[in-house]
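J.: According to Swiss-Prot, the protein has these features:
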type	residues	note
BINDING	SER20, ARG21, SER22, THR67, ASN93, ASP108, TYR226	shikimate binding site
ACT_SITE	LYS71	active site, proton acceptor
BINDING	GLY132, ALA133, GLY134, GLY135, ALA136, MET224, GLY248	NADP(+) binding site
Amino acid sequence: MTSRPALRRYAVIGNPITHSRSPQIHAMFAAQTGISLEYERIPAPLDGFRATAEAFFLAGGQGLNVTVPFKQEAFELAREHLSARARMAGAVNTLTWRDGVLQGCNTDGVGLVNDLIRLGVMLQGARLLLVGAGGAARGVLQPLAEAGCAEIRIVNRSPGRAAELLAAWTASGIPGGVQTSAGALDEAGGAWDIVINATASSLHDLAPALPGGLYAPGALAYDMVYGARPTPFMRQARADGAALTADGLGMLVGQAAESFFIWHGLRPDPTAVLTTLRANLLAED
């Protein structure tokens, strides 16, 4: 009698974690690609990320998705073997145990760029306004620039934080040809092709205090937060003249697809997964 090979073990780790849709997403990716795997949610104490993650890998785990509030701690855990994107982001959302080495990557920016492409947005030559200067904003700057944006302006409620983020990005090496600037929310300017809300304002049923006149003809407003209904930022953008609005559900699926590729070497199709998740959100509303 032959024994079956052990299932490859993966998980998402965070606090809180019960809301995470990652197990469902990776199960659908696995079904698409014919891969057998086990994927679970792992809650970690706020002061116990390292111990929990190390125990998972010592028990044979092969990959972890990392969510709030542990992305910076994951960066430190994998500091010796970080991808260029993770170094720029200062955060890791994908940990991989491979050949006796713990590797760290950040797939958030790739997930965002791929979702913008799915939406039909022209990134080459685009003028982009990024609202927010926290970890979510930092994680997407480099991929957006590499995708061809001509101008990126960072604005934040605390303009000093926007300036600090721009300085850190400049020090790490901004791709040539990208015009950059930073300022306060009321210094956002106008005629932007893409406006991305990288703050958590919509989670609190609020929109950033942005001035009017932000949007160029045909512009997209994109909120990294997602839900069954349009977010406060999306509603604000529509009222201000944005031609298109989108939430961050596609970014969630896109970053998961990139993690799946890192782990398995196969690219799943996110479209069907996104359709299923959107239907689930509507049913839960």
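Using the three backbone atoms N, Cα and C, a Cβ is placed for every residue, glycine included.
The model shown is predicted, which means the values in this text are computed figures rather than measured ones.
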J.: Out of the recorded positions SER20, ARG21, THR67, LYS71, ASN93, give me the one sitting nearest to GLY134 (NADP(+) binding site) by CA distance.
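T.: Closest by Cα: LYS71.
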J.: Using a 10 Å cut-off on CB atoms, tell me which of the binding-site residues GLY132, GLY134, GLY135, GLY248 is the least crowded.
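T.: Ranked by other Cβ atoms within 10 Å, the binding-site residues GLY132, GLY134, GLY135, GLY248 bottom out at GLY134.
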J.: Per the record, shikimate is bound by SER20, ARG21, SER22, THR67, ASN93, ASP108, TYR226: how many Å separate the farthest pair of Cα atoms?
T.: 18
J.: Other Cβ atoms within 10 Å is the metric here; tell me which of the recorded positions ARG21, LYS71 scores highest.
T.: LYS71
J.: Could you check which of the binding-site residues (ALA133, ALA136, GLY248) sits closest to ARG21 (shikimate binding site), going Cα to Cα?
T.: GLY248
J.: Near the Cβ of ALA133 (NADP(+) binding site), how many other Cβ atoms are there if near means within 10 Å?
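T.: Result for ALA133 (NADP(+) binding site): 25 other Cβ atoms within 10 Å.
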J.: At the Cα level, what's the spacing in Å between ALA133 (NADP(+) binding site) and SER22 (shikimate binding site), rounded?
T.: 25
J.: Roughly how many angstrom lie between the C-alpha atoms of ASP108 (shikimate binding site) and ALA136 (NADP(+) binding site)?
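T.: So the alpha carbons of ASP108 (shikimate binding site) and ALA136 (NADP(+) binding site) sit roughly 8 Å from each other.
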J.: C-alpha of GLY248 (NADP(+) binding site) to C-alpha of THR67 (shikimate binding site): distance in Å?
T.: 15
J.: Using ASN93 (shikimate binding site) as the reference point, find which of the recorded positions LYS71, GLY132, GLY135, ALA136, MET224 has the shortest Cα-to-Cα distance to it.
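T.: Among LYS71, GLY132, GLY135, ALA136, MET224, LYS71.
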J.: I want to check the contact list for TYR226 (shikimate binding site): same chain, sequence separation of six or more, C-beta distance under 8 angstroms. What comes out?
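T.: Within the chain, TYR226 (shikimate binding site) has Cβ neighbours under 8 Å at ASP247, GLY248, LEU249, MET251, LEU252, LEU281.
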J.: Max CA to CA distance in Å over the NADP(+)-binding set GLY132, ALA133, GLY134, GLY135, ALA136, MET224, GLY248?
T.: 17
